[in-house]
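Shown next, in structure tokens, is the structure this report addresses.
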Amino acid sequence: MAAAAAAAGAAGSAAPAAAAGAPGSGGAPSGSQGVLIGDRLYSGVLITLENCLLPDDKLRFTPSMSSGLDTDTETDLRVVGCELIQAAGILLRLPQVAMATGQVLFQRFFYTKSFVKHSMEHVSMACVHLASKIEEAPRRIRDVINVFHRLRQLRDKKKPVPLLLDQDYVNLKNQIIKAERRVLKELGFCVHVKHPHKIIVMYLQVLECERNQHLVQTSWNYMNDSLRTDVFVRFQPESIACACIYLAARTLEIPLPNRPHWFLLFGATEEEIQEICLKILQLYARKKVDLTHLEGEVEKRKHAIEEAKAQARGLLPGGTQVLDGTSGFSPAPKLVESPKEGKGSKPSPLSVKNTKRRLEGAKKAKADSPVNGLPKGRESRSRSRSREQSYSRSPSRSASPKRRKSDSGSTSGGSKSQSRSRSRSDSPPRQAPRSAPYKGSEIRGSRKSKDCKYPQKPHKSRSRSSSRSRSRSRERADNPGKYKKKSHYYRDQRRERSRSYERTGRRYERDHPGHSRHRR
């Protein structure tokens, strides 16, 4: 037993001194200047056990106090959270080192964050899960959630019911993962802890008391109980180990060297020993508190903070606007002026632009209106020409093929007269004779022919013939002498038409001999 204890003490003394950084510090101490690489000086990060000790100003005024929690409520929350971590570690069968690491991380975190803004139970779960991975005894996050669920049922004295895998479970799991990340961020990822358990065994070997099992076990118990206090963020691990041995020896009435005091050999002072012992003894004198009552106090502070923020923004807790007490309140609604009326007599540029457009449109409408059957202006002339052209085109499209062949000359002549009237002067065209039939029926007929179910091929030839006749009439109007020389132009055109009819007739007889016999 003594050999094993000596080996453990030697291993503990040979361990490196690198450990977790102080919460919120994350940098090098004030004495370090940095790291010199070449000609440049870079800032360095020094990770030692001194970084995990908090200064007195942070210990006196914590973030929970700034949120409105009193000191007793904060102390009770710290104790209850550490008790939950210890009980969950026992049910998860974690080693004692892992449970101690989780409690130290819990204490460090809540010296940088408030109990009002962060759930104590969620942070406890996150610390258990993180400590199990740090001490190389990982546990699944589902097991951690089930264990804490079971502890809550035992605390409320309810019948044990398994946790359902519903959306609430998924949300709780995500909250624990976020809490774990938050703990790592606040501690600067410096989460290693140097525990005094091995130091106790080594010091008892030096005092030649390692064979007293009762003294060793009592000192170990005081060490585990001190994890529920904040002594691990106030004092060095060596001082805590000396205080646990001192308190156990006084409790068991075992004399230890006092001239000089034995703890001076290990670098501890009498003031530190007495303060640590007092913290541990206060833990036993504390009354048992109800977690539900503590959670209610935290919720009250949350609501008070939310109301204060809402009043600072000028809103009620429901989000409604606060009414001004100085102005008289009348139940009748106030008439709010439109933005156009509120701007005054000066019109906006957009309204001026719209007014100009309306005036221009009215002028165009007056210019287009016919007076005594004659349209006004050049624009009206061009529109009347386009209408006459459309009216003259529509009958040709709806006409039969035979009629189209006979009327080709007349259409070309009409277009010729139109082109001549355009080129000679800008005088308004003559009014159409009143005896002429209404052309709306012809337009309807052309529309019906267009909407026919089975389109026919002659429609294409109609559009081509009309376009060709228009182009030919324009050529004749531009070059009248060219067509006067060719007196045989229309005669040749009639011959080509007769030949084309003869060709079609022969092809028809060749394809259908019976029909040719019937004609004969």
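Every residue gets a Cβ built from N, Cα and C, even glycine.
Keep in mind it's a predicted model, so treat the numbers as computed, not measured.
In Swiss-Prot, the annotation phosphoserine falls on SER351, out of SER345, SER351, SER449. Note on SER369, SER394: Swiss-Prot annotates phosphoserine at SER369; no matching annotation appears for the rest, which is not proof of its absence.
Neighbour count (other Cβ atoms within 10 Å of the Cβ, all protein chains): 10 for SER351 (phosphoserine). The average pLDDT for the region 'Cyclin-like 2' (198-282) in the predicted structure is 92. Secondary structure of the compositional bias 'Basic and acidic residues' (357-367) per DSSP (helix as H, G, I; strand as E, B; remaining residues coil): 11 helix, 0 strand, 0 coil. Residue counts for the region 'Cyclin-like 2' (198-282) under DSSP, helix first, then strand, then coil, are 60 helix, 2 strand, 23 coil.
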